[in-house]
Amino acid sequence: MPAALPFLRAPDPRILRGTVLPAVLLLAWGVFAHSGLVSGHLLVPVEKVALVPFLDPHGVHLWPGLAASLARMAAGFTIGAAAGLLFGLGMGLSRTADRMFGPTFHAVRQIALYAWIPLLTAWFGNGEPAKVVFIALSAFFPMVLNTQEGLRTVPAAYREVARVLTLSRWQLVRRVLLPGAMPSIFIGVQLALIYAWLATVGAEYAMGLGLGVGTLLSEGREHFRMDIVIVGVLALALVGFAINAAFGRIFSRALRWRGPAS
């Protein structure tokens with residue numbers, strides 16, 4: 001028999017199981033919102049929230065705000081991840097660099113991320129530079145840690161083979177160390193993306209000025225528009241999930257060369 005058409009195949013059971021909790025939460029939301037037990041100002045009905053991004057004069061700002069947030073995140077992530085990769089490579093490949101910069105780096109990374117906001121706003125104001133630097137910081141630290149850890153955990157047998165083959169230092173790095181560290185580096189990129197998205201919303205919420213989902217959340221709170229707040233929270237969750245899922249696919253395909261785990 002010919003193979004079933006893709007749209008006629010049974011849904012993946014894992015996907016179906018993953019929809020159970022959201023469906024239950026939506027049902028509970030609808031029941032409580034219409035029960036009268038909770039104020040309609042606090043728990044807005046599902047159908048009203050669904051219309052906010054399309055019909056509400058304030059809610060329609062979600063779309064340009066979402067675009068601005070994603071652009072802001074992309075800029076901060078690119079700067080932070082690139083700097084983190086280079087810094088992590090430097091400390092992972094050079095014991096001297098690790099001894100010189102490692103203690104300071106590990107001390108600075110203990111500072112809560114949001115503790116940087118007063119300093120950044122004093123230096124850069126509440127505009128785009130402060131937000132982008134804040135997002136870059138959030139991406140920088142996980143990228144450094146995972147890059148350095150990946151280089152450290154390359155199996156000793158790989159290095160021994162490189163010695164037997166008399167590879168130069170550059171060949172050792174390019175053919176042995178970087179490929180061996182790649183899984184950890186990819187995890188660092190994934191974590192940097194997640195932290196950058198969270199930091200984007202935090203920066204917009206704390207610094208205020210300009211378009212952004214975080215700004216929309218702040219305005220919804222100030223005007224006690226829980227429908228707008230809920231729409232913003234749902235948008236953040238969906239975008240974060242989409243970013244994580246998309247990178248997960250890229251990660252699995254990029255590392256397929258490793259073969260099945262033994």
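Just so you know, glycine gets a Cβ as well, placed from its N, Cα and C.
Annotation comment: TrEMBL describes 20-42, 62-87, 172-198, 228-248 as transmembrane segment. Annotation source TrEMBL lists domain 'ABC transmembrane type-1' at 66-247.
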Of 20-42, 172-198, 228-248, whichever stretch has the most CB pairs under 8 A to the transmembrane segment (62-87): 172-198
Outside the transmembrane segment (20-42), six or more residues from its ends: residues with CB under 8 Å to it: 224, 226
Same-chain residue ranges lying at least 6 outside the transmembrane segment (172-198) that approach it to Cβ under 8 Å: 73, 76-77, 80-81, 84-85, 88, 92-93, 135, 138-147, 149-151, 153-155, 158-159, 161-162, 236, 239-240, 243-244, 247-248, 251, 254-255, 258
